Each structure stands twice: as structure tokens, then as C-alpha cells.
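Since the structure comes first, as C-alpha cells, the remarks are kept for the end.
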Amino acid sequence: MPMQEPQRRLLGPFNSTRTGVPHLELSANQTGPWCLHVSIPDGLFLSLGLVSLVENVLVVISIAKNQNLHSPMYYFICCLALSDLLVSVSIVLETTLILVLEAGALATRVTVVQQLDNVIDVLICGSMVSSLCFLGAIAVDRYISIFYALRYHSIVTLPRARWAIVAIWVASISSSTLFVAYYNHTAVLLCLVTFFLATLALMVVLYVHMLARAHQHAQAIAQLHKRQHLVHQGFRLKGAATLTILLGIFFLCWGPFFLYLTLIVLCPKHPTCGCFFKNLNLFLTLIIFNSIVDPLIYAFRSQELRMTLKEVLLCSW
């Protein structure tokens with residue numbers, strides 16, 4: 001694997017600057033001096049990756065330690081944390097290996113580096129796919145708990161949750177392996193983009209429906225207490241803010257990367273798209289940032305998990 005470019009990364013299938021992907025090569029004069037390129041230092045990758053690593057490890061340990069958290073909902077949250085952890089590990093591993101190779105501290109054959117490249121690519125792609133799957137699974141689990149509250153424990157059982165988790169991991173590993181093997185095929189990129197859009201649409205529909213149901217409950221309570229206007233206004237603001245933050249962070253962190261994949265299909269050689277391609281590291285940084293935010297949204301809002309986390313931290317001192 002050639003290493004001529006100082007900022008190039010091991011993430012070959014996604015990397016528009018990779019010398020092995022000729023249909024994405026754009027020279028400096030093709031993109032033009034107006035092209036905006038946001039440079040992301042490798043140190044920032046390492047720092048964000050380590051923060052996400054520690055944060056998600058704490059979530060996994062806390063859920064594993066507390067028997068009260070051994071339920072389908074927390075299993076999905078634990079698997080989301082594990083997926084985000086793998087994203088962090090793969091990015092940190094990739095960046096560290098790049099720095100070691102560029103420094104000349106590791107002398108190895110090109111075939112060995114290529115094999116490491118493929119392993120890291122599968123790890124990164126698989127963890128991304130599984131993260132999206134578990135975000136969707138959490139949304140479905142919450143939807144069932146609200147709209148089928150009386151039947152929830154008979155619908156979402158531990159065996160079914162375990163089978164769903166196994167299926168997601170198998171599908172993620174299989175799809176990522178195929179993607180790395182056939183990344184230069186347009187159909188593969190379109191499948192990934194379609195999967196992201198389907199996950200986004202699923203989350204929007206489910207969470208908006210849940211918000212509408214919660215609004216109906218707030219309306220009924222307000223009528224009982226004769227404070228309808230104030231309760232309605234406060235609930236609408238709080239519910240809209242929560243939904244905006246949840247879906248907004250998801251879209252802002254994942255959207256640019258999948259737009260990147262879409263542009264590879266639509267305009268691989270256009271100068272404007274070439275400017276977008278140059279910012280792949282920024283899009284990966286946003287995904288790492290999402291893996292830091294996910295525990296704050298889905299895990300640490302639980303009081304019992306926070307108490308378990310406090311116990312874990314106190315025991316570590």
C-alpha cells in the first residue's frame with residue numbers, strides 16, 4: 001500500500017484521496033483554490049477516540065454489573081455502546097498505525113499492511129452498520145413500550161432480544177465484509193446510503209408518533225388539573241426540543257458521511273464534489289463525536305445506570 005500522501009488514511013474504501021481508487025482522483029487544479037478543506041489533526045482523532053472508548057466501556061461495564069439492567073432495552077443500549085466502542089477502537093487503531101508507518105518505526109511488507117487495512121476497514125464499516133441498527137432497535141423498543149405497554153414483556157422477551165442482537169451483529173459483519181470486497185461497485189454504495197435513509201426515516205416516524213402520543217397524555221392530564229394551556233405549551237417546547245436534539249445529532253453526525261458516499265456515485269470527478277471528498281476526515285470525526293454523545297442520550301439519562309456508574313468509578317479508585 002503506497003504511503004505518499006501525508007494525510008492519507010487506511011480507510012481505503014471510503015477514501016477519496018486513495019491512489020488505488022482512480023475514479024475519485026482529483027488534482028489540486030481541478031478542485032480549485034476556492035475549495036474548502038478542513039484539516040483534522042491526528043491528535044484530535046486519538047483524543048476523541050479515547051474519550052469515546054472510555055465512555056462506552058463504562059456503559060458496558062455498568063450494564064453488565066447491575067442485574068436490574070439486564071433487560072432487552074438495556075441490552076440494546078449496551079450493544080450500541082459496544083458498537084460505538086468499536087468505532088473508536090478502529091479509528092484509534094487506524095490513526096496509530098498510520099503514524100507509526102509514516103514515522104518509519106514499523107517496517108513491514110505491503111501485503112501485511114494491506115491485510116491490516118482490510119481488517120480495519122471491516123471493523124470500521126461493521127461497527128458503523130451495527131450502530132445504525134441498534135439505534136433503530138432502540139427506537140422500535142421504545143415505540144413498543146409506549147403503544148403496547150400491557151403486552152410489552154410478552155412481545156419484547158429476552159430470547160427475542162438476544163436473537164435480534166445476534167442477527168444484527170451477523171448482518172453487520174457480513175455486509176461490511178462484502179462492502180470492503182466490492183467497495184468500487186456503485187450498487188454497494190447505494191445499498192449503504194439506502195440503509196442510512198431507511199434508518200433515519202424509521203427513527204423520524206417512530207419518535208414523532210411517540211411524541212404525538214405523549215402529547216395526548218399531557219393533554220388528558222392538563223384537562224384533569226385545569227391547566228391545559230400552560231401544560232400544552234411547556235410540553236410542546238420540551239418535546240420538540242428533545243426530538244430535535246435526538247434526531248438532529250443523528251443526522252448531523254451521520255448525514256455528511258453518507259452524502260459523501262452518494263456523491264461518489266453521482267459526481268466522482270466533479271470539482272465541487274472533489275472539495276467535499278477532501279473532508280472525509282471531518283466526516284469521520286463527526287461519527288466519533290456521535291459515539292461520544294450516544295451514551296449521554298441513551299444511557300446516562302437512566303438514574304439507575306448513573307448510580308451503577310458511580311459505583312464503578314468509586315471502586316476503580
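Using N, Cα and C of the backbone, Cβ positions are placed for all residues, glycine too.
Under the heading transmembrane segment, TrEMBL lists 43-61, 73-99, 119-140, 161-181, 187-208, 240-260, 280-300. Feature annotation from TrEMBL assigns domain 'G-protein coupled receptors family 1 profile' to 55-298.
Between the transmembrane segment (280-300) and the transmembrane segment (73-99), three or more CB pairs separated by 6 or more residues in sequence fall under 8 Å, so the two stretches touch. A Cβ distance under 8 Å defines the sequence-distant neighbours of the transmembrane segment (187-208), meaning residues of its chain 6+ beyond its ends; these are 129, 132-133, 135-136, 139-140, 142-143, 178-179, 243, 246-247, 250-251, 254, 258, 261-262, 264-265. Take the transmembrane segment (43-61) and the stretches 73-99, 119-140, 240-260: counting Cβ pairs under 8 Å, 73-99 has the most. Long-range contacts of the transmembrane segment (119-140) within the same chain: residues 10-13, 73, 76-77, 79-80, 83-84, 86-87, 89-91, 93-94, 97, 164, 168-169, 171-173, 175-177, 179-180, 192, 195-196, 199, 202-203, 206-207, 250, 254, 287, 290-291, 294, 298, each at least 6 residues beyond the stretch ends and with a Cβ under 8 Å from a Cβ of the stretch.
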